[in-house]
Amino acid sequence: MSCGDKIRIAIVVSEFNYDVTRVMEEKAIDHARFLGAEVSLVARSPGTFDTPFIVSRLLATHSEVDAVAVLGAVIKGDTKHDEVVAHQAARKLLDLSIEYGKPVTLGIIGPGASRLEAIERAEEYARRAVESAVKLARRSKELSGEC
């Protein structure tokens, strides 16, 4: 791959809190196009906690993907469940990035976010996750001598 080739990203979207993540998905795709990247695959996960499994399968079977942006919204409830979900997903996503040698970026709102806060943050988190994925993929190619 030359430096002029497009970066190919995959987007993994949690279906839980879909009123928020649907907006995130749309904004992420728009921002990837703006950055000149190709969204080669959009995969859905039942919830944020499940995203590492989807990312693992995706990276194991789609070698053409340069990076993955993960989108989710973990809304605060009456217990600390939101903290467990967000922290465990984040930790495992980082592990997968290291394991596969490909960027996996975190566009997960929460823990501790209200529904209103999640709605307000949706576009920003989606854009930041995609931008990080594209930048990291480019830098990875530079470091590996592909550019």
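Even glycines carry a Cβ here, placed using N, Cα and C.
Here's what Swiss-Prot has on this protein:
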- PHE16, THR48, PHE49, ASP50, ALA73, VAL74, ILE75, LEU106: 5-amino-6-(D-ribitylamino)uracil binding site (BINDING)
- ASP78, THR79, ARG121: (2S)-2-hydroxy-3-oxobutyl phosphate binding site (BINDING)
- HIS81: active site, proton donor (ACT_SITE)
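Positions of the features from Swiss-Prot, shown on the structure.
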| residue | record | contacts (Cβ under 8 Å, 6+ apart) |
| --- | --- | --- |
| THR48 | 5-amino-6-(D-ribitylamino)uracil binding site | SER14, PHE16, GLY72, ALA73, VAL74, VAL85, ALA86, ALA89, ILE108, GLY110 |
| PHE49 | 5-amino-6-(D-ribitylamino)uracil binding site | VAL85, GLN88, ALA89 |
| ASP50 | 5-amino-6-(D-ribitylamino)uracil binding site | SER14 |
| ILE75 | 5-amino-6-(D-ribitylamino)uracil binding site | ASN17, ASP82, GLY110, ALA113, SER114, ARG115, ALA118 |
| ASP78 | (2S)-2-hydroxy-3-oxobutyl phosphate binding site | none |
| HIS81 | active site, proton donor | none |
| LEU106 | 5-amino-6-(D-ribitylamino)uracil binding site | VAL70, ALA90, LEU93, ALA129 |
| ARG121 | (2S)-2-hydroxy-3-oxobutyl phosphate binding site | ILE109, ALA113 |
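All protein chains shown were included, and the count of other CB atoms within 10 Å of the CB of ALA73 (5-amino-6-(D-ribitylamino)uracil binding site) stands at 28.
In the three-state DSSP scheme, ASP50 (5-amino-6-(D-ribitylamino)uracil binding site) is classed as helix. Our reading of the 5-amino-6-(D-ribitylamino)uracil binding annotation (PHE16, THR48, PHE49, ASP50, ALA73, VAL74, ILE75, LEU106) yields a largest Cα to Cα distance of 16 angstrom. With the fewest other Cβ atoms inside 10 Å of its Cβ, the least crowded of the binding-site residues PHE16, VAL74, THR79 in this structure is THR79.
Taken over all pairs of the listed (2S)-2-hydroxy-3-oxobutyl phosphate-binding residues (ASP78, THR79, ARG121), the Cα spread reaches a maximum of 22 Å, rounded to the nearest whole number.
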